[in-house]
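One structure below.
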Amino acid sequence: MSKITTELLLERAVPRSTRLRKIETLNLSKLQLRTGDLDPRLFSRLRHLQKLDLSDNLLDKFPNSLTLPDLRVLNCNNNKLEDVTALKQFPLLEELTYENNVYLTLNDDYKVMFLLQNLRLLNGKDITKLANHVRRVNSRKLTSKVTAHWEKFFRDQLPEKYTAEQVKSIKKKFLKSVQTNVVYGPSSLSEFTRWRVKMIAEEFLAYSLGLELNSDTELEEKMDENEEESTESPREAAEDVTQVVHIYDPLLTTGAVTVTPSKRKRNHSKSSPGNKRSKSQASTEEEAEDVSAEPLHFLQCHSKGNSREDFKTQLWSCVFEPVLDSGARKDPIVSSSRTVATCGGESVCLIDCETGTVLKKYKVATEEFFSVAWTTLTMEISDSRKKAHNILAAAGRRGIVKLIHVAADFCYGEIKAHKKPIATVCFSPTQETHLFTASYDKRIALWDIGIPDCDYNFKASQLLVLETASIPLRIALVPTCPEQYLLAGCEDGCFAWNIKLDKGQKSRPFEAIFQFPDDESMTTSHRVDGLAFLNDDVVVSKSSKPGCIYLWSWSRSFDAKGKGCQRTMSAVILAELEWSTTDMSYLTLSTCPAKEYVFCGDEKGSVWMYNLSSYTTAWGSAKGKRSERRISPTQILKWPELRVNGEQPPEILVNNVVADPAFTYLVVLTSVNITAIWKKS
């Protein structure tokens with residue numbers, strides 16, 4: 001019978017607890033425990049355990065499924081441990097001690113540094129710099145050597161058309177040869193080197209030959225390169241062909257998802273409601289412009305556990321990476337590359353929109369990412385030299401902001417910003433280190449994330465807290481004064497704050513709430529789940545009122561000279577956009593200011609596009625009047641009838657749709673774990 005019981009766990013909790021799920025610190029030292037005493041079924045109930053002391057016991061290894069998703073500190077001193085690889089099941093581990101385990105060596109230290117991406121302290125020593133070297137430099141060198149070994153000795157041994165038996169044979173020979181001949185580092189680390197070489201070689205074969213990979217090599221948090229690519233070309237996408245989305249995760253199972261669309265028609269059907277648009281300044285209707293956007297790629301790269309059957313992971317946010325040498329803050333047309341960051345579930349992906357290649361992938365176990373944002377920081381690289389680098393912020397359910405230096409494949413830090421989920425984040429366009437985080441705790445916080453030094457040391461500080469009356473869903477800085485005013489669409493209305501930092505008050509209530517038409521009257525109480533600026537003055541917002549998106553004037557709605565806070569102001573409506581009559585919430589909108597476009601997805605997988613260039617001049621005049629008629633979409637991109645493994649995906653909601661500043665690519669994020677990329681012809 002196991003020595004560990006529910007009663008013992010409750011008694012050994014610090015402080016004592018009445019429920020297992022409430023225990024955060026647990027002392028199980030000096031109990032003569034053996035491996036068989038660690039019952040995974042019992043430990044799986046310790047969902048919030050953060051500190052565990054197992055010192056002075058008789059453990060020789062860890063069970064593989066203890067399921068402690070929040071474990072941060074682990075003490076295993078004075079045991080009989082023989083292997084450390086099972087510790088990878090604790091991806092959030094920050095402090096680990098296992099001194100006086102006579103069978104463990106320096107090689108095991110290097111293994112845990114590689115396996116545990118968040119580990120800072122090992123046996124009481126700060127290993128941050130060394131661990132970064134092991135994960136990055138060491139891995140890069142070994143990968144280069146493994147690849148070279150294959151190219152020199154084995155590539156020509158495999159015929160162009162090979163059988164499973166031939167693959168099995170060459171795999172066996174290659175793994176044996178590469179572990180014997182690839183040498184790197186001191187001889188004292190030869191066991192670690194062989195372990196990593198085998199892992200890298202298996203990943204290489206999985207990618208090159210489509211072999212299945214042992215799941216023991218899975219890592220929960222790592223930047224992965226070239227995970228997935230679509231072989232479909234833009235021209236092929238317009239025809240009746242089979243799209244194959246090749247899934248490659250060098251740390252997980254490989255395979256292929258076949259997406260078969262039915263015959264597609266170009267999106268200019270005469271019967272579509274998007275083919276005509278109304279104009280307030282003209283009495284006649286003209287044929288809508290045909291944008292000629294064609295589907296380029298359909299990717300399934302956010303799957304939980306890389307499962308090909310995952311059509312439940314929701315995708316929420318995407319943003320295009322700024323180009324470093326383009327003067328990104330000056331010219332929006334050339335301020336973006338064709339690389340887009342997307343998030344959903346436990347992962348963040350970087351995708352090349354033209355090729356469909358997943359360039360990098362970042363995973364955090366137990367996280368669900370809701371939002372991503374880019375900034376460009378001028379960082380010191382070496383010898384006091386400075387260089388501009390793009391930094392990606394990602395946040396979600398755990399209330400933590402992850403800061404990722406993408407070029408270095410390195411998550412260098414995190415900010416524990418809120419105790420509840422973060423709905424959205426955005427950087428200031430004028431202060432590159434200023435980050436806004438909007439949370440379910442009904443607060444919007446402004447952070448200075450600082451600039452990391454060459455060792456990635458940084459200091460973040462909270463500058464401001466904006467109190468909201470309800471959960472903030474979308475935030476937008478006013479383009480003409482981004483350092484003074486912020487707008488937020490919330491669960492119960494649209495609000496504005498004065499965010500100027502020269503004011504002494506660090507915690508501030510909202511300054512204004514906007515009211516909008518509601519049948520015959522005006523109301524402030526409605527969910528605003530879509531919010532963006534079309535230009536310096538025109539705000540686009542979507543509320544819970546079915547079938548309607550409002551365009552309104554910021555300058556004519558907000559009275560900057562008025563005194564006091566929490567004032568009610570009427571939004572000066574310029575126009576309404578015709579949209580789906582669904583009452584489904586959280587299908588957000590976006591804008592492409594340089595091209596004067598608005599985009600919004602619907603509950604059927606379609607994307608509604610509005611070219612408003614013929615309206616903005618009139619709206620900008622002092623006497624600009626409201627467009628009397630609802631403006632119809634310029635075009636509606638219909639979701640193609642995709643078949644995945646012979647079956648149609650379930651109901652498809654478009655959670656978000658974003659275009660790059662030049663409107664070359666359109667990225668569509670769905671509720672069924674599919675990222676669709678369209679390209680404007």
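Each residue, glycine too, has its Cβ placed from N, Cα and C.
Bear in mind that TrEMBL entries carry predicted annotations, made automatically and left uncurated.
Residues or ranges marked as domain 'Leucine-rich repeat and WD repeat-containing protein 1 LRR' by TrEMBL: 7-200.
Look at TrEMBL and you will find 218-231 tagged as compositional bias 'Acidic residues'.
Sequence annotations record features per position, and here TrEMBL assigns region 'Disordered' to 218-240 (among others).
According to TrEMBL, the region 'Disordered' annotation covers 258-293 (among others).
The feature compositional bias 'Polar residues' is assigned by TrEMBL to 270-283.
Summarising model confidence by region, the domain 'Leucine-rich repeat and WD repeat-containing protein 1 WD' (292-680) averages a pLDDT of 89. Under the heading domain 'Leucine-rich repeat and WD repeat-containing protein 1 WD', TrEMBL lists 292-680.
Here TrEMBL flags 415-449 as repeat 'WD'. Same-chain residues lying 6 or more positions outside the repeat 'WD' (415-449) and placing a CB less than 8 Å from one of its CB atoms are 317, 329, 370-377, 391, 393, 395-401, 403, 458, 460-477, 479, 482-483, 486, 488, 497, 499.
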**OP:** Tally the residues of the repeat 'WD' (415-449) by DSSP class, grouping H, G and I as helix, E and B as strand, and everything else as coil.
**Re:** 0 helix, 20 strand, 15 coil
